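Peer 1: Relevant sequence annotations retrieved from TrEMBL are reproduced here:
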- 3-293: domain 'Protein kinase' (DOMAIN)
- LYS33: ATP binding site (BINDING)
- ASP128: active site, proton acceptor (ACT_SITE)
- ASN133, ASP146: Mg(2+) binding site (BINDING)
- 301-332: region 'Disordered' (REGION)
- 308-317: compositional bias 'Low complexity' (COMPBIAS)
- 323-332: compositional bias 'Polar residues' (COMPBIAS)
Amino acid sequence: MTNSFAHVLGKGGFGTVYKGKLSDASGQDIAIKILNESNGNGEDFMNELASMSIASHVNIVSLFGFCYEGSKRAIIYEFMPNGSLDKFISEDLSTTMDWKVLYDIAVGVARGLEYLHNSCASKIVHFDIKPQNILLDEDFCPKISDFGLAKLCKKNNSIISMLYTRGTAGYIAPEVFSKSYGGVSHKSDVYSYGMVVLELIGATSRERAEASRSNVSTMYFPDWIYEDLERKETMRLLGDQIIEEEEEMVKRMTLVGLCCIQTNPFDRPPMRKVVEMLEGSVEALVVPPKPLLTPAVMAWESGEESQETSSLSTQSCLERKTLSTGQDTQLV
């Protein structure tokens, strides 16, 4: 099935993923995740099986089967020929990104999350939305994968109890690592999604992508976007070679991404609204308040305690609010 585990697709904290083929007449390509034997009592394995077994959606990776023998655990799911989103956006910084493809990816991931939050038998909160966990099929249709940190809860549950921080630094919502920012809920996935969308936009900027990777810049990337919007330097944000139709897509992606990373979970739109915003008119969207979060995040990531707390207007990003002038502000 795996050709002696000869073809490694990727490695992560939970295990290694190999390419294989079904041994039946179809010979269909598959991906096989072999989980590390040291991963505790198998909670991640059970989380992944429980989530994927009840999820059926075009933007969710399909589960084919599993193996559980003693401490050895494996999960078999559909093979994604175009790999993970992080590899797609980092393959070649000199290549001009296709905005339509990036926009479709953003919409597809939003639809997948909306399904997990609202349409499964149980609400599923993923807790690890990031480019590495978004896979692309032969048509670049995005599919959410890796449910090892996911939690299933009743649909009417708004707040989730957690014993430890879940997720990946840079994509974790503030409330996940500090109760002072509010309760943990499906809105935590919304925050992670917003960071992914902004990363898609940032991937088109060669200058900023290279600075980020070489760690020569300590600037929080959303701050770059806000600065460009305040200066009305949209072409610097979007790049020089962009047509009007693409510009509309990117404006929607930008404003939706900024709405999703609001510090207060109540100020973030639910994923159902996110889909509507992405597919609606850009004229209906405005620049949301700038999250005042960076000092607290930096202190947390460095392991230090900070007496400084972030503040944010409780006015929703879906309402009309300016960044600085006190007047209605739109991305123009």
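Every residue gets a Cβ built from N, Cα and C, even glycine.
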Peer 1: Consider the recorded positions ASP128, ASN133, ASP146 and say which one has the Cα lying nearest the Cα of LYS33 (ATP binding site).
Peer 2: ASP146
Peer 1: Which state, by DSSP, holds ASN133 (Mg(2+) binding site): helix, strand or coil?
Peer 2: helix
Peer 1: How many other Cβ atoms are found within 10 Å of the Cβ atom of ASN133 (Mg(2+) binding site), counting all protein chains shown?
Peer 2: 25
Peer 1: With a 10 Å radius around each C-beta, find which of these recorded positions (ASP128, ASP146) has the fewest other C-beta atoms nearby.
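Peer 2: Relative to the other recorded positions in ASP128, ASP146, ASP128 has the fewest Cβ atoms within 10 Å.
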Peer 1: Please report the Cα separation of ASP146 (Mg(2+) binding site) and ASP128 (active site, proton acceptor) in Å, rounded to an integer.
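Peer 2: Cα-Cα, rounded: 8 Å.
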Peer 1: Return the count of C-beta atoms lying within 10 angstroms of the C-beta of LYS33 (ATP binding site), excluding that atom itself.
Peer 2: 23
Peer 1: Could you tell me which three-state DSSP class ASP128 (active site, proton acceptor) falls into?
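Peer 2: Coil, per DSSP.
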Peer 1: So what's the mean pLDDT when you look at the domain 'Protein kinase' (3-293)?
Peer 2: 84
